[in-house]
Amino acid sequence: MLDASGCSWAMWTWALLQLLLLVGPGGCLNRQELFPFGPGQGDLELEAGDDVVSPSLELIGELSFYDRTDITSVYVTTNGIIAMSEPPATEYHPGTFPPSFGSVAPFLADLDTTDGLGNVYYREDLSPFIIQMAAEYVQRGFPEVSFQPTSVVVVTWESVAPYGGPSSSPAEEGKRNTFQAVLASSNSSSYAIFLYPEDGLQFFTTFSKKDESQVPAVVGFSKGLVGFLWKSNGAYNIFANDRESIENLAKSSNAGHQGVWVFEIGSPATAKGVVSADVNLDLDDDGADYEDEDYDLVTSHLGLEDVATPSPSHSPRRGYPDPHNVPRILSPGYEATERPRGVPTERTRSFQLPAERFPQHHPQVIDVDEVEETGVVFSYNTGSQQTCANNRHQCSVHAECRDYATGFCCRCVANYTGNGRQCVAEGSPQRVNGKVKGRIFVGSSQVPVVFENTDLHSYVVMNHGRSYTAISTIPETVGYSLLPLAPIGGIIGWMFAVEQDGFKNGFSITGGEFTRQAEVTFLGHPGKLVLKQQFSGIDEHGHLTISTELEGRVPQIPYGASVHIEPYTELYHYSSSVITSSSTREYTVMEPDQDGAAPSHTHIYQWRQTITFQECAHDDARPALPSTQQLSVDSVFVLYNKEERILRYALSNSIGPVRDGSPDALQNPCYIGTHGCDSNAACRPGPGTQFTCECSIGFRGDGQTCYDIDECSEQPSRCGNHAVCNNLPGTFRCECVEGYHFSDRGTCVAAEDQRPINYCETGLHNCDIPQRAQCIYMGGSSYTCSCLPGFSGDGRACRDVDECQHSRCHPDAFCYNTPGSFTCQCKPGYQGDGFRCMPGEVSKTRCQLEREHILGAAGGADAQRPTLQGMFVPQCDEYGHYVPTQCHHSTGYCWCVDRDGRELEGSRTPPGMRPPCLSTVAPPIHQGPVVPTAVIPLPPGTHLLFAQTGKIERLPLERNTMKKTEAKAFLHIPAKVIIGLAFDCVDKVVYWTDISEPSIGRASLHGGEPTTIIRQDLGSPEGIALDHLGRTIFWTDSQLDRIEVAKMDGTQRRVLFDTGLVNPRGIVTDPVRGNLYWTDWNRDNPKIETSHMDGTNRRILAQDNLGLPNGLTFDAFSSQLCWVDAGTHRAECLNPAQPGRRKVLEGLQYPFAVTSYGKNLYYTDWKTNSVIAMDLAISKEMDTFHPHKQTRLYGITIALSQCPQGHNYCSVNNGGCTHLCLPTPGSRTCRCPDNTLGVDCIERK
């Protein structure tokens, strides 16, 4: 290695410098040999600071870059980048490569000129001297090329300092870097010249604000994001990215002169990658030519590797690996593509620093376009030998790490399956979650059907090899036409196919971390469909994650048709890190009945797919994987539900040897999935057709029936001090209590010195601006970014969705796009809401007509006209609907009305009092964007959940304090009016009532789509409660005047009470004691009642001194029943087992719903539109939370981090009941649903 300190070359004048460049190589590059720079040369100077980006430098000439030839402006940054477009303000570049924009990076690092000692200069220069100087540098690097530039961009970083960060050391102080980048362009090509003078690089790493650690600089080029509908990284090239290679920049060269590096960056030859110069650094004075031995010495000395693909007649240079037989990498997630085979030329040869010097980065020449085209990905061993000593964390917690001669490998322990990096319990059901987006042309249509952010959920019964996949919110225009594409979910079946002896399914091979690209050709139909799927392993919830993209054209299948696919087999061909398969299959389309006949047609389509993954090649002793395996799909079921817009695929899969026909009936049942083991058990094959069933880890039983082991109950102290144990199916989870965090030893320690950081609160996150995205705090120091409704992206970069491009409005309406929203307005001469427009003037509503009739104004009511004394005039809202509360201004009486203006019985109140009326008309949503209804998962801890029209928001609690700055939306369904809320602490699911549809729905706190469980035979469902022990829900219906019960999935409904009720609203349960409580705010006879949960022993608890009792809550710890009254403006409590009531607080404004937690009551108030905390012990309001959007608040409940202790007679085995098990004090009652037709149901006590 040359020593820079040993350079003793004399200084030369500029003229002699040019002569030396032409005659032969020089020594180390002196600063005087840089291109002239500074204000005297006409340079612009970048503003001093950190992370500064220059204004656009408009170019006179055009710059070529990769396959682009239209770049007319560039941007210069403090951090050693020349950008082809303006860098996003939210993107942090140092320590990450490639960035999202086109970039030339002579020294990408976190650089700082805040102190004013360093400077960044830049200009475009057309002077003959500079143009000739650039031409000579290029000529040195590419002697076979005749290049005469017409424009030169010169950028100089002079004496720039590193951003030190909090970990800066005194040894780094005073160190400065000077380097230069020159972009020379002609009409046909562009070149980059990087110049690193002697002693110009004094530091090689900088502090990363993102990773909070020292990271090496990067030298490279990036095309940036490419693609129209779906963005992905384009081609990029890295030439240095560790300390040793960065140090070599001033000592080495690819253009024959130390410190000089030349690259061809824009020409027909660079469409797939930047081309490095290939001129040896001459180490001898006589300038003699060298043989290959010397070439090997020099390139090895410089840290360069020839990665060009040799032709059969051209062997790789000695000392370098054949690119078609490269070692495999162990570090996950980094890929390099095979270069296209063909005869190499000097123009296509690429150089890169040796792979073993880059343990944390991608191999250097990456061609994403070729990955997408061929799907072939090879893994490179990018690091020196790695051992388990410092890489154990790369293995699953259920795996062991083993060292081998060339590296380490992970292997799952007994009773677990996977590839070692990812392991799951054998026989345990698996869940797969992900997103799907598509751009699909149906039939001959020229307009694509576009959908984004669509949920995919899959459930896998592993020991039977059955996979059930559902894709939600698929438009009907494309839903039926996607029915033949069962392999969208079939890849999940391959992952968990039943394994025959000696054969491996996809998860055993890949661990659920791979990329799949498939191409579907429909014979006899033009066009094709491309399917891309990325599996990203197991997330923190134990679920596999997948992203799916669909693009292309499919044949049209008639609405209402069904598709039948016969069982089939598919051969999978295996080689290192690559799996391929192709097949030709049939599917039959059966059209809907027409005149008693159902026409059917059989079609043929071809599938070709490539799966790329990373494997561990260090374990030579492991059994070799068969080169070909056969996937047998024994049953295929496909369905499109147009009402729910859900696409479903179900397949049964096994993997084994190549054979003809269906699986042998004499095979072991474990291999073909015909055993009778529990879904939480593993099937163990024995001799012949014998087998045994063994419950999976975390379950107990005989294998035929397995029960979850409650590890938390069996060993309550297993999580240690300051921790809470949460039981989960098959496992458990320990969570540190507030104020503690896990130490390296897995115990909870006080977080005094390492408090978690809420980056959302501090603003130190990388989410897009608040106008486009929200930062969602997930607990600890973690957060996630989510684009706001009306924007799309990953949350870090969100772009406005132009809804008007998708023809959202009626053809006779104007569409106005706005950031995050859009508006539809009927054209003149048409009436409607913009989504439906009809000729004519806008018709008046019933309320408007009645109001005008009473006022005697046929042409419209005069707002200034006085109302006749004693006359009732209805009040209409801004949309023409009846205001839910109507009042007679002469008498002072008020009452509730339905949507048709009819008075609701029992709602009339005397002067000075207004009844708590609910609007059954959902607010219009056409003024905003289509809001996705996906649930935003809740972080750990206890939360208040409250409803605000169609939105449910969460408000974290720390002990009894509301953490108001962390309030976020949990769920938003714009078309609904959510009234009541209840929380199931067992499954972590929130239930609600909706009076606009009307319906009852639910959603999991872990995320996913909300579902409706009841939508039939409802009037105005309001209050809702549940029995988390007996697994039932209860609700009140103020229109049908009844109280009902059902199972938690909405089945087995039974009416408990339908008499003696006028306006039932609040309802709560005491599952441990078997009691039910509810309010009835009938103005003539308001009351609070109770009964056993089976409907027996009904009685009145409170009747006197009540006004409008709304909300109701029961505290299981203190056995107190509390309520809020909007008529008396009080909060009161009582113990149902004891006489007497206690006034907690008077002077409440207009309380609606209430819940309790610890010593506090929390209630929603209609007048202040707020959530108020009230201390029961001192009878005082302690805090108030005002949501960002000031609209009416409805139900409120508490989402507990764990269930309260207790049980009832329905807790175990449904109390021995065949259907509804309803607890009573000290017992239970078995009840049948109201509709028992054809149901074998037994009622008993």
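Along the chain as shown, the residues are counted starting at 1.
Note: Cβ is positioned from N, Cα and C throughout, glycine not excepted.
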Swiss-Prot annotation, disulfide partner of Cys706 among Cys695, Cys719: Cys695
As recorded in Swiss-Prot, which of Cys409, Cys410, Cys824, Cys826 forms the disulphide with Cys616: Cys409
Listed as O-linked glycosylation site by Swiss-Prot, one of Thr78, Thr406, Thr933: Thr933
Residue from Ser127, Ser331 to which Swiss-Prot assigns O-linked glycosylation site: Ser331
Disulphide partner cysteine [Swiss-Prot] for Cys767, chosen from Cys760, Cys785: Cys785
Cysteine of Cys388, Cys410 paired with Cys395 via disulfide, per Swiss-Prot: Cys410
Candidate ranges 106-268, 384-424, 800-838 - greatest C-beta contact count to the domain 'EGF-like 2' (666-707) (under 8 angstroms): 384-424
Mean of pLDDT values spanning the repeat 'LDL-receptor class B 4' (1119-1160): 91
Cys712 (disulfide bond) and Cys736 (disulfide bond), Cα-Cα, nearest whole angstrom: 14
Of the disulfide-bonded residues listed as Cys616, Cys693, Cys706, Cys712, Cys767, the one whose CA lies nearest the CA of Cys798 (disulfide bond): Cys767
Collapsed DSSP category at Cys712 (disulfide bond): helix
Tertiary contacts of the repeat 'LDL-receptor class B 4' (1119-1160) (same chain, 6+ residues out, Cβ under 8 Å): 909, 913, 916, 942, 944, 946, 957, 959-960, 980-981, 1066, 1068, 1070, 1075, 1077, 1079, 1081, 1086, 1088, 1090, 1101-1102, 1105-1113, 1166-1168, 1173-1177, 1179-1182, 1193-1198
Disulfide-bonded residues compared (Cys725, Cys787) - the one with the fewest other Cβ atoms within 10 Å: Cys725
Inter-residue C-alpha distance, Cys804 (disulfide bond) and Cys693 (disulfide bond) (nearest angstrom): 58
Residue with minimal Cβ packing [other Cβ atoms within 10 Å] among the disulfide-bonded residues Cys410, Cys693: Cys693
For the disulfide-bonded residues Cys409, Cys616, Cys712, Cys767, Cys1221, the one whose C-beta sees the most other C-beta atoms within 10 angstroms: Cys1221
